[in-house]
Amino acid sequence: MALRRLGAALLLLPLLAAVEETLMDSTTATAELGWMVHPPSGWEEVSGYDENMNTIRTYQVCNVFESSQNNWLRTKFIRRRGAHRIHVEMKFSVRDCSSIPSVPGSCKETFNLYYYEADFDSATKTFPNWMENPWVKVDTIAADESFSQVDLGGRVMKINTEVRSFGPVSRSGFYLAFQDYGGCMSLIAVRVFYRKCPRIIQNGAIFQETLSGAESTSLVAARGSCIANAEEVDVPIKLYCNGDGEWLVPIGRCMCKAGFEAVENGTVCRGCPSGTFKANQGDEACTHCPINSRTTSEGATNCVCRNGYYRADLDPLDMPCTTIPSAPQAVISSVNETSLMLEWTPPRDSGGREDLVYNIICKSCGSGRGACTRCGDNVQYAPRQLGLTEPRIYISDLLAHTQYTFEIQAVNGVTDQSPFSPQFASVNITTNQAAPSAVSIMHQVSRTVDSITLSWSQPDQPNGVILDYELQYYEKELSEYNATAIKSPTNTVTVQGLKAGAIYVFQVRARTVAGYGRYSGKMYFQTMTEAEYQTSIQEKLPLIIGSSAAGLVFLIAVVVIAIVCNRRGFERADSEYTDKLQHYTSGHMTPGMKIYIDPFTYEDPNEAVREFAKEIDISCVKIEQVIGAGEFGEVCSGHLKLPGKREIFVAIKTLKSGYTEKQRRDFLSEASIMGQFDHPNVIHLEGVVTKSTPVMIITEFMENGSLDSFLRQNDGQFTVIQLVGMLRGIAAGMKYLADMNYVHRDLAARNILVNSNLVCKVSDFGLSRFLEDDTSDPTYTSALGGKIPIRWTAPEAIQYRKFTSASDVWSYGIVMWEVMSYGERPYWDMTNQDVINAIEQDYRLPPPMDCPSALHQLMLDCWQKDRNHRPKFGQIVNTLDKMIRNPNSLKAMAPLSSGINLPLLDRTIPDYTSFNTVDEWLEAIKMGQYKESFANAGFTSFDVVSQMMMEDILRVGVTLAGHQKKILNSIQVMRAQMNQIQSVEGQPLARRPRATGRTKRCQPRDVTKKTCNSNDGKKKGMGKKKTDPGRGREIQGIFFKEDSHKESNDCSCGG
């Protein structure tokens, strides 16, 4: 503390004496001063002597024997010359009243000092008035020493010197006035001046003369300018000039910039001598160049590598220059039908670096002797084609009976700097077993005023099984960039929503496992005009009437059979039809609403990039360090400095070298998607770099990375309100995306990024569809020809690939669970198939540890099997807002239960709205034996029953574990149904028991076996407890429901 006070005191010590600028000095006058006096009998100008016996002009007054003296002396007009505070130095002598014989009591030994401001010399004999107002009094001046008769006789001079100041002054000038009211004195000298801080060199900066402030306590900030070859650091460099013209409080400093070192006590910045360099600004001295580098001139900021040696972009400047590696050695190939295993040994010379990796270049040489060409996009590489760290690779999906040449390149961090191609070893192989050819012709099957039905034949060379077709169309009068694309699993499609009488251009292409073939040639078809349509109706009217009579009986029979056989099957079929209808009508939105446009609908994807993403010049981007690796290349952090804007921290995704055109297109598609979004909870695209290498996507930088790993690193560190705030941000971002008609498909905590302010932003747009078939990553599982993250995906999306905003809501519920469990893996160590089975059997995840009931209820609402019953993202945002505004709603936690454990919730419960009384509801769920118990305990209405918890069920007298489970699950579903009627309001549902970890669960078991004793309710045959290696907590497996009609076999996990 003492050192801190000392430092503060040193900051306030003046650095250099003030400079005084004189405005008026009476001692320099060579003639009469000519000041105005009032009355004439008062002050008198006389010649006198100063303390050095120099002749000077003075004023004196001594009317002490006359009463009521009021003698004024006024100077001439004094211009202030920009000064804000004026100082007056007065030298005077005063006669001691007591030394004057017979002096009356009115004798004074003081006088008053006044000033008056004016814009010009306007004073007269009578103006300003000789009184205190309008004059402004500065002070009453008293003598420190006065002289007596003895002093006078001995010619002893006792001169007093007093300095007074006043301000602020703002007009062009001023007058001074001295008022005597009964003294005997002599005004020997008057000097009027102002002060300013002098020019000074301090902390490597030059500060020019600065006028002091208007008040004695004023501190006027002055900006310094750095000495030659120095730059400011930390904060703008400042000194403060006080009211007395003294420099105080130095802030900031200048340091020699890169390439210069400080000499002569820091007053000069000298360029680094030849053979030395200095990379950064600072006080440190220049250092010698590292190995294999040199400088060519003084003032070097880095040393240039010698010929044949290079420095990578991210290498520190003090690191020795290195070279490229030699070729790999001893390549071994093993062919198996259309797949290949390659192995090799590292090169002899790594170039002096430790970042050696390998790239695989595939060339297809066909069956003839023509030149080889790069392989197509259908070839698969495991683990990847570029940037291999191990000397082996597995290559699959090659063409049958085709000759290939594979080049194994050895590259390191300076390969891109070298003008020479990477060194490589090559191997030639021939496979033992491609995209389909173009569709040759398309036919019009039928048309109406707003639709056309088309069909086409299979490609002449399908080269495998046709998975589906993609049809693109646009109005002939419009540009091809306005094309709309739709997919069809068959070679027939009906295009709806067209204009009457308009001509449309159609093209189609087929897709196999090898990818899409080429589009067919452009074909033109026209919809009917209104007149043509009316004519066709009249021609078909007799046929329609005749057919209707014959078909009516058949239709009635079909309807009756359909209703009787399976009402639920009808509902499912209706839902699927609705899905198809939605697929064709989803593009019709409210006029004026911004709609997401799929970049893959553009024939030239580069056009989508140009339309939605801003091109950034590579010179504006500075890559600093690699922070990760993605599917297409490295992810780096760096800075972006656009002209006219401040420098910002950004994340940079780079496209690895050796990419194919398809990889480049897929890589930039994410930018085309992100560029359409502008929301605080959606990752912001700054722009792209496509006109230089490497190709880059530049986004805002999120300091805390992905949400799942961030939560795991900060387990238990946040309040519930903070976690709800994160969830609210994610929901707001998803609401924005849903309003734009964008379906994410891969919403998970790993795809949410977190910045330093804990703001969560949705990211990862479009890349999941391009994941390689890597069996080592169980997150994405093949399903119906695509990759699906099973644990986060809604059941209809898994089974039918029906991705909608409602399926994103299901995924959002999983994200909620991830957040509240601090990044636990959903469904723990269950297999993906076990997860699918459990969801189909209507079980759901339990609440994580310390999860409020209201939040788990919202999760359950998101996991409604019927997607139409799930809340919209707008409702979710409103619900979370209400929780944040009312924190008390988050205090109710799901309690632990010693008698029952229901980790996965049964959702197959009848709709309570179909019953009139609680008794009917109990009968419907086969719990009628408790009707009297419910009535006696006061649970006689659905509103009261919906609020029951486990302790209420126990108090009613339900002791059997299976019955507790049945009633509790039914109450939970009742709450969900109530929320669907009253809109989702985040009301608490079931409070779920938990184990010692974030959640509690039981081992899977064969539902056909009896695994517990019906007499004591204790579970037998359970697996041992497992320890989650990623979390270090004891957790138990998953509990699946048993046959609901076997009440005696309902079991629970141990407590």
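Using N, Cα and C of the backbone, Cβ positions are placed for all residues, glycine too.
Record note: Swiss-Prot gives I627, G628, A629, G630, E631, F632, G633, E634, V635 as ATP-binding, and the candidate from K614, K653, K662, K691 in that site is K653.
Disulfide annotation in Swiss-Prot: C184 is bonded to C62, selected among C62, C303, C305, C321. All protein chains shown were included, and the count of other CB atoms within 10 Å of the CB of K891 (ubiquitin cross-link) stands at 10.
Summarising model confidence by region, the domain 'Fibronectin type-III 2' (435-530) averages a pLDDT of 87.
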